[in-house]
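Undergrad: Before anything else, here's the structure in question.
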């Protein structure tokens with residue numbers, strides 16, 4: 001198995017190689033002796049070139065920004081330029097040379113901007129019908145991209161498969177010959193993050209409508225952001241897709257529905273990519289289409305999560321004190337008014353009772369309602385399980401247990417609720433829980 005990897009914007013081949021270690025381990029186990037090739041995009045970036053659209057949180061958190069231009073970053077083409085953007089056609093020529101010198105390759109795995117190059121390359125390898133489409137479209141649309149000369153005499157078979165993470169595509173009319181009439185029929189598996197703040201929703205819809213992968217395309221939504229999802233089940237899904245795509249039978253690929261969430265396609269063959277000038281996503285366009293946390297809120301939430309990570313090593317002990325339990329909702333308080341407020345806030349999950357011998361209320365967790373999933377219930381812990389003098393003591397720690405960033409994500413997707421990190425009172429182990437309204 002020989003696989004070509006295309007990195008994302010402002011990455012490099014070696015960086016992408018480090019980010020795919022676990023994925024490649026799974027592929028190697030399934031296909032011993034597999035080889036992987038990690039080219040670097042031709043456009044050299046200074047980090048200062050990208051500060052205009054990086055969020056404030058990225059600048060705040062990274063020490064590299066103290067001397068940003070010492071970092072080597074590359075891209076396959078420039079963002080926010082006229083169609084075709086500078087570097088894109090050059091990158092396709094570089095890909096063709098790699099196919100000649102290092103090929104043949106069985107498939108391609110791409111992240112973000114690399115998915116534009118990877119899907120276009122797969123399209124150009126699909127035979128004379130694709131070249132004919134370029135000629136026909138150029139006759140009717142003078143500004144269209146022409147069939148690259150570097151692919152006219154290339155001796156490389158069509159790719160057997162393609163894998164993309166956080167994909168987008170060229171949606172300008174100048175690129176139509178790559179995607180339509182015929183569709184790209186190379187089997188593609190697309191991973192999309194449910195909380196991806198980089199690729200806007202209209203770009204995800206464009207990838208759907210372009211039907212990249214034809215009848216054998218597949219899309220997996222993962223509960224993450226603009227990144228390669230972590231977890232063996234996702235890497236095994238890639239292996240299963242490769243195995244399915246490399247078989248001669250054009251059967252549809254299926255993932256275990258109990259482990260990996262799927263999104264079925266309901267589009268029709270006649271649907272084509274959006275006819276808009278948008279080619280590349282940005283944080284600014286994402287903000288215009290999707291409500292995301294403000295920079296200040298994001299920075300605050302990230303600092304709290306950083307605090308929490310530091311507090312875990314070495315981990316302080318949490319001592320169970322009694323069977324009395326109170327709601328732990330982000331602030332330390334054992335007053336009856338605070339408990340009444342918390343109980344009211346979570347009335348569908350908790351009930352409050354008052355014991356005659358105590359001045360404080362006891363709040364007990366009850367079973368979730370029928371419409372709620374049990375694993376989404378908020379954990380309840382004792383307020384006094386925090387050992388005095390430990391790193392966990394004080395309102396600062398209790399406030400950071402409540403991740404503002406995750407709550408913003410929940411609200412953004414129409415699922416208002418609260419996300420908690422809470423101690424379970426057993427050896428200091430921290431667990432998480434979620435409550436949806």
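Using the three backbone atoms N, Cα and C, a Cβ is placed for every residue, glycine included.
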Undergrad: Identify the region 'Disordered' range according to Swiss-Prot, selecting from 306-362, 363-419.
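TA: In Swiss-Prot, the region 'Disordered' feature sits at 306-362.
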Undergrad: Provide, as an integer number of angstrom, the distance between the C-alpha atoms of residue 112 (active site, charge relay system) and residue 226 (active site, charge relay system).
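TA: Rounded to the nearest whole number, the Cα-Cα distance is 8 Å.
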Undergrad: Counting all other Cβ atoms within 10 Å across every protein chain shown, which of the active-site residues 112, 196 scores highest?
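TA: Answer by Cβ density within 10 Å: 112.
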Undergrad: Across all the protein chains here, work out how many other Cβ atoms are within 10 Å of the Cβ of residue 226 (active site, charge relay system).
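TA: Counting Cβ neighbours of residue 226 (active site, charge relay system) within 10 Å gives 18.
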